[in-house]
Amino acid sequence: MKMADSQDIEKGSSGSLYQPFFHKDEKQQNSHDNGNLFMVILCTFVAVMGSFEFGSSIGYSSPTQQGIMEELGMSSEEYSMFGSVLTIGAMAGSISCGRAADVIGRKGTMKMSSIISIAGWLIIYLSLGPLSLDVGRFLTGYGIGVNSYVVPVFIAEITPTHLRGALLTVHQVAIATGLLVAYAVGAFVSWRTLALTGMIPCAVMILGLYFIPDSPRWLAMVGCQAEFNAALQKLRGDTADVSREEAEIKDSLVTLQHLPKATVLDLFLKRNLRLLIIGVGLMVFQQFSGYNGVVFYANQIFTSAGVPPNVGSILYACLQIIVLSLGAVTIDKAGRRPLLMISASGMLLGSLLTAASFCLKEHELASDMGPMFTIIGIMIYMGSYCLGLGGIPWIVMSEIFPLHIKGIAGSLVTLVSWGGSWVVSFTFSFLMDWNSYGTFSMFAIFCVVAIVFIWKLVPETKGRTLEEIQASME
């Protein structure tokens with residue numbers, strides 16, 4: 001095989017970086033379909049302990065508010081800071097996650113995040129005042145900021161093509177399960193005991209990491225050839241023929257090694273700009289369609305409709321798990337783009353129904369119908385979000401970026417997501433005070449733009465290897 005020289009690659013004239021390395025027939029592509037799926041599933045289970053921790057951290061502040069404020073004598077403003085500092089920690093984690101994953105590996109980064117999260121939970125458990133609570137909350141936020149990037153990237157890099165979408169969706173299912181467990185357990189135990197339970201998924205992850213291989217793609221990237229071969233064979237089964245997948249990964253890396261060391265500025269080069277727009281754009285629509293604001297306001301909405309907030313939160317978490325499980329079953333058959341389109345369309349409908357309910361309430365029209373419209377609108381909105389825009393942007397992010405820019409690009413995309421989450425959470429109450437139905441109308445506009453964006457720019461990635469996806473993105 002004639003290799004492109006470095007000048008060709010620098011100019012982007014070589015097709016080797018952007019053209020598929022192999023055109024496999026279906027039989028060849030699925031040669032390991034009946035191989036050792038146990039190891040892939042075990043790796044996924046260990047990794048999504050970080051996702052479960054993600055959900056536990058987010059859900060912690062809701063059931064513990066009254067207990068913490070009464071025991072420590074905190075004001076509403078101090079507790080609001082405690083709740084929001086999680087996002088600040090996650091933004092800090094997102095800045096360093098890509099570099100850490102490239103330097104110490106996917107497993108090393110997950111172990112690091114678990115240790116930091118355990119330290120955070122321990123500080124919260126021992127807290128005697130607001131300052132130590134905030135420090136602990138910041139550390140747990142840092143851990144989930146790292147996990148929000150490294151977990152989907154690790155799963156994407158170890159799974160066979162035909163299972164990648166389904167197993168990546170397990171990341172979101174685990175987040176929703178962690179959220180549900182935090183709500184449910186928090187209703188029966190003290191806030192200090194709930195903090196101790198937050199350490200359990202971290203401990204399970206640390207222990208489990210000793211029994212699974214690291215990402216073969218990362219091992220190949222850092223030149224650990226023997227470990228790369230062993231990890232790939234372990235993931236596909238002792239008797240599986242991995243020669244074609246091994247050659248494909250090696251060929252992609254041979255091309256990438258001719259490129260200079262990637263910097264942030266390289267993300268804005270012509271060959272990478274479309275990838276960056278897709279990754280960042282999906283995160284912008286994920287956040288600015290208003291989901292975090294809706295979750296923030298959900299308890300008040302449930303109360304206005306006569307539903308106890310704790311019951312409403314548990315019902316919402318159950319809805320998440322059901323819809324995400326449906327997505328896991330269908331994503332590798334239906335594809336990423338159709339689910340994203342359906343998700344954004346459903347969120348549009350939910351936003352319009354909720355806006356209509358607030359408009360009726362403000363003008364004192366059909367007042368008995370308002371709460372029903374609100375509940376229906378919010379549940380449609382939340383269910384639609386979970387089906388697509390909640391998790392698929394993370395899947396696409398883990399699939400489209402080549403290895404040499406994945407760390408930098410992934411950090412930027414993750415930072416945009418957490419930064420957007422903070423902006424929406426911070427401004428939502430002000431927007432609602434300004435104009436409640438105007439706020440949801442604005443979210444509806446973002447959903448419309450998201451539909452156009454997905455239709456025009458987002459590629460379909462189902463059924464293709466990571467190298468084929470990245471090669472076809474020119």
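Even glycines carry a Cβ here, placed using N, Cα and C.
The domain 'Major facilitator superfamily (MFS) profile' feature in TrEMBL is assigned to 43-462. The transmembrane segment annotation in TrEMBL covers 37-59, 79-101, 113-133, 139-158, 165-185, 191-212, 275-294, 314-331, 338-360, 372-396, 408-431, 437-458.
Just going by CB pairs under 8 A, the stretch in 79-101, 113-133, 139-158, 338-360 that sits most against the transmembrane segment (165-185) is 139-158.
Remark: the transmembrane segment (113-133) contacts the transmembrane segment (37-59), by the rule of 3 or more CB pairs under 8 A. Only pairs six or more apart in sequence are counted, and the transmembrane segment (372-396) with the transmembrane segment (275-294) gives three or more Cβ pairs under 8 Å, enough to call it a contact.
Long-range contacts of the transmembrane segment (191-212) within the same chain: residues 39, 42-43, 45-47, 49-50, 52-53, 56-57, 60, 63-64, 67-68, 71, 107, 110-111, 114-115, 117-118, 121-122, 124-125, 136, 140, 143, 178, 181-182, 185, each at least 6 residues beyond the stretch ends and with a Cβ under 8 Å from a Cβ of the stretch. Taking every recorded stretch in 79-101, 275-294, 338-360, 437-458 and counting its Cβ pairs under 8 Å to the transmembrane segment (408-431), the highest total belongs to 275-294.
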